[in-house]
Amino acid sequence: IPRPLDPCIAQNGRCFTGICRYPYFWIGTCRNGKSCCRRR
């Protein structure tokens, strides 16, 4: 059974601890409380 995708990952984002750094920008929060970042 595939586990449900994090909404962040579904939006092509990645979960980072702390702030997003270039070339990523913040698009939300992951389920685990980390920052959801996506490439520009």
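Backbone N, Cα and C define each Cβ position, glycine as well.
Out of CYS30, CYS37, the record in Swiss-Prot bonds CYS15 through a disulfide to CYS30. Classification of CYS8 (disulfide bond) by DSSP places it within a helix.
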